[in-house]
Amino acid sequence: MSICKTCCETLRQCSLFHEAKVEKLLKDGAHLAHLNLSHWPTLKLSDRYLSTLLKYGLNTQIQNSSGDTALHIASSLGRAGAVKLLLNHGADCNVRNRSGRTPICLASINGHNDIIHIFLTKAVDVNQVDKLDKTLLMLAAENGHRDTCQLLLKNKALVNYCGRNGSALLCAVQAKQITTVGILLKHHADVNQTTGRNDTALNIAITSGCHAICLLLLSMPGIDINKANNSGTTPLMVAAMKGDETILEKLLKLKADANIVDKDQNNALMLVCANSRTLSVKRLLPISQNLNEVNSNGQSAIILASEAGSKDIVNVLIKASADVHAVDRKGNSSLIVAASRGHCDVAKLLIKNKVNVNCANNFGTTALMFSCRNQSDCLKLLLDNNADVHATCKQGMTALLVASEVGNYKAVKLLLKRGSQVNHTDNSGETALMKSAKHKHKSCAANTTDECSYVRIVRLLIQRKTNIQLTNALGWTAFHLACKDGEIEIVDLLLRKCADTNQRNKQGSSPLKIAALGGHLPVVELLLKSNAKVNEQSNGCTPLHIAAQSNDQPDLVKLLLLFGADPKIRTKEGYTALFLAAERGHVKNVKLLIRYGFTISGDRVCPMLYAVIRGHSQCVSLFLEHTRTLEVHHKKLFLFVAAKAGHYPVLEILLKFFLSKQIPLNSVLNAAVKFDSLKIVKGLLHNFTRHFEKNDINEALIIACNENRPQVANCLCLFGANVNYQNKMGFTPLILAAAKGYLEIVQVLISSRRCNVDYKTEAVTSSASSPKPATTLAEALTSITALHVAVQCGRLQCAETLLKANADVNVENNYGCTPLTIAKFNHNEQIVNLLTNYNARESVVSNDLLQSQRATTNIIIQGLSSLHINQVADVDIQNALKVFL
């Protein structure tokens, strides 16, 4: 058996506690140096067995996934003998686990005093803290280990050390450990220390409801019973809110201040009123200085009690002469807040005590309006006590309008019986009928045979002779609003009352157009059967236009066509329904409308053209399937538009139909390069490589360099473009990029493996090889390198990049000029300095040749400013896209 296998077998046997087998393996040469005792689940080893393992080299310092060593585990389990053995074999008692705890911390948590004794003899820091900033004393106190606390305190543990989570006393109180609380208090723990939220031990004890600890703390001399936390809450407030009568009584006997206010300016009385603590209210009332004091929201005790719905407390406060007419900052009275919450018994009590039932808040809203929003009996109570049904808020809403808006049928019925005006309008011109007609709703969930409350309200309002022809500020009738949300039942009700199916709102929209916009098929069908004008135009737009572009619902479009909708009608902009469907990519609508015919044209209203522009490939396929012949210029238009928009799936579909000798693929590639459509370029090169001629990709690279398209240029290089290719004008990609100063392009080209940075251009014409003064751009570009051009055009960064790529610094052009000669002649000091740093030399050239060189430079610079690469393709693109340019 190998040593490795022996070690593994040893570990397996250790986990099974086969001591005899392990000892035999160890004697046979197994090593325990890399075995981790801390991984063992229980450590139920005998001390003799552990001693044997340690003798054979067990590593005591290795930590498990929690950071615990063997010493941590032994300390946690209370194995004093194991702890001694481990310490004697060099175990580190100060190693921390991932919680920042040493072995003595775990012993303190579990109350293993004998182990703590052992560590204390090793001079362990008794006041060390873990990652939670807790000391040993805190850990022992919160776990209720009374003897451990005494041991630590005896060894000078700091009783009042306060970390992020408070002191030992606070930890013990939070854990409800009364025994350790008593020990800490005997050792003079500070009862007024606070947590991070500034809560004292007393606050915490009252909150947790531990009476024994509360009473123990209150018995301590020097305790501050009025100390508030960060929210301004005192112990008295906490006790009062919890309804803890015992502690409340004790605090009051100790003269706790009942008139202190918290951060929201609530005193103890307000808080108990808000929490419906009747007994606490009765106890606090006699010592409250001002019964009508208000908090930061302007709410007094009686308003808070009314809001909570506590009739008994409200009654107690009224008997104590609380102001029943008081209002908060928003102007809400006790009656308003009670009615808004549906507390009918409280409202009844307030009305009995002569509150104003018609009192309105700052927004003009009365208790009657609020009561319409719930299903309580408050509404009837208020009406029986002469609440004004005609009162309006600042938005012009009456109680009837509120009830109609929220669908409260009972309230609407009751208000109408009490004489509420059925045709009253709010500030936006809406009536109760409009409010109930415009809200989306479904049949009642409990019983599908019941009518929805909104339908019942509409039926009731119609019975009360409401005017269905009234319009709001935007010219919408209730009929318009019902059609907008597809409320078929309400639409049917209004149609029976002769609602005008063709009445337009101020935007010119008829009910049919509004229903079509929402895609409400049943409503549209009902309107059409009720003689709605299917081809009526507003702003040049018919319902068919709306249906085609708003939703991909062929059933709706088909219905309109069935009732005579004309698909050839155009909007003011010249758009047909088919165009709008294609522009939005509604394939189903396009498939339906395309049967009615369409025209392929090069203008803005061609539906296929906009499907191409938007990249709707399915729509494009449909158009192509229904097209027999196309003019060449139309084919170019679609191809170039797809290339410019970057929609490769559309372009691929078009190429399958259009690719021919009349439209060579290179023109599409050139257009994509010109428009910087990287996706198109990649797609063409990947899927249509066999369709390209020898130099098509090379010419495309020239265009990319001219248009400064570095990503496209890189893509073309990867697909095999010749970076040393020289076109008919005399340019190579690198020379063109260097001349224009396109640094990124230069860097892309140089990074290509096949790039020759010293490539010298050849004569395009036979006369161009002569050193005579150049008269054309082709002659000026003869026998020069990229470095020459960069220096001639003053492109410092490009020149530096070329030199770093080991370009020949002393190469001569057709006139015998080196780059340094040209730079000095052009008086470009920066480039001269750059070249000098690369050991450039100046050539000896006659004055006539220097003048010829100057002329050459001027020709190149002027030629670059008016340069048009691939003139034929440019003309094709310009002609094809002229309507859009």
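Every residue gets a Cβ built from N, Cα and C, even glycine.
According to TrEMBL, the repeat 'ANK' annotation covers 66-98 (among others).
Mean model confidence for the repeat 'ANK' (99-131) is a pLDDT of 94. For 99-131 (among others), the entry in TrEMBL reads repeat 'ANK'.
What TrEMBL records for 231-263 (among others) is repeat 'ANK'.
Taken from TrEMBL, the feature repeat 'ANK' applies to 297-329 (among others). In terms of DSSP secondary structure, the repeat 'ANK' (297-329) contains 17 helix, 1 strand, 15 coil.
Summarising the annotation, TrEMBL assigns repeat 'ANK' to 330-362 (among others).
Counting only same-chain residues 6+ beyond the ends of the repeat 'ANK' (395-427), those with a CB under 8 A from a CB of the stretch are 363-366, 368-369, 371-375, 379-380, 383, 389, 433, 435-436, 439, 441, 452-454, 456-457, 460-461, 464-467, 470, 472. The repeat 'ANK' annotation in TrEMBL covers 395-427 (among others).
Per TrEMBL, the feature repeat 'ANK' maps to 474-506 (among others).
Taking Cβ pairs closer than 8 Å, the repeat 'ANK' (507-539) reaches residues 474-475, 479-480, 483-488, 491-492, 495, 499, 501, 546-547, 550-551, 553, 555-556, 559-560, 563-566, 569, 571-572 in its own chain, all 6 or more past its ends. Per TrEMBL, repeat 'ANK' is recorded for 507-539 (among others).
Sequence annotations record features per position, and here TrEMBL assigns repeat 'ANK' to 539-572 (among others).
Long-range neighbours of the repeat 'ANK' (573-601) within the same chain, counting only residues 6 or more positions beyond its ends whose Cβ lies under 8 Å from a Cβ of the stretch, are 540, 542, 544-545, 547-549, 551-554, 557-558, 561, 565, 567, 607-611, 614, 616, 618-619, 622-623, 626-627, 630-631, 634. Among the features that TrEMBL reports, repeat 'ANK' is placed at 573-601 (among others).
According to TrEMBL, the repeat 'ANK' annotation covers 729-751 (among others). Beyond the repeat 'ANK' (729-751), the same-chain residues lying 6 or more positions past its ends with a Cβ under 8 Å from any Cβ of the stretch are 701-702, 704-706, 708-710, 713-714, 717, 721, 723, 757, 759, 761, 764, 768, 777-778, 780-782, 784-787, 789-790, 792-793, 795, 797-799, 801-802, 805, 860, 864, 869.
If you look up TrEMBL, you'll see 782-814 (among others) marked as repeat 'ANK'.
When the repeat 'ANK' (507-539) is classified with DSSP, helix, strand and coil residues number 17 helix, 1 strand, 15 coil. According to DSSP, the secondary structure content of the repeat 'ANK' (231-263) in residues is 17 helix, 0 strand, 16 coil.
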